[in-house]
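Asks: Below you'll find the structure I mean.
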Amino acid sequence: EDICSLPPEVGPCRAGFLKFAYYSELNKCKLFTYGGCQGNENNFETLQACXQA
């Protein structure tokens with residue numbers, strides 16, 4: 001499955017890492033809070049990395 005079509009997934013852990021994810025419905029990358037474990041591949045350290053995916 002295409003990474004960019006996956007919804008951003010926080011995961012079950014409770015850390016609060018700010019990451020970037022691509023939102024297909026908005027056609028852009030935005031910040032979201034990642035819990036720190038599991039989740040999916042729509043999870044990037046930087047806006048630039050997200051935009052290049």
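Keep in mind that glycine also has a Cβ here, set from the backbone N, Cα and C atoms.
Copied straight from Swiss-Prot:
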DISULFID  C13-C37  disulfide bond
DISULFID  C29-C50  disulfide bond
DOMAIN    4-53  domain 'BPTI/Kunitz inhibitor'
Asks: Tell me which residues of the chain lie with their Cβ under 8 angstroms from that of C50 (disulfide bond), as long as they are six or more apart in sequence?
Replies: F20, A21, Y22, C29, F44
Asks: Long-range same-chain neighbours of C37 (disulfide bond), Cβ under 8 Å, sequence gap at least 6?
Replies: G11, P12, C13, A15
Asks: Ranked by the number of other Cβ atoms within 10 Å of their own Cβ, which of the disulfide-bonded residues C13, C29 ranks first?
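Replies: Counting every other Cβ within 10 Å of each candidate, the maximum falls on C29.
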Asks: Using DSSP and three states only, what is C50 (disulfide bond)?
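Replies: In three-state terms, C50 (disulfide bond) counts as helix.
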Asks: What does DSSP call C29 (disulfide bond) in the simple three-state scheme?
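Replies: Going by the DSSP assignment, C29 (disulfide bond) falls within a strand, counted as strand.
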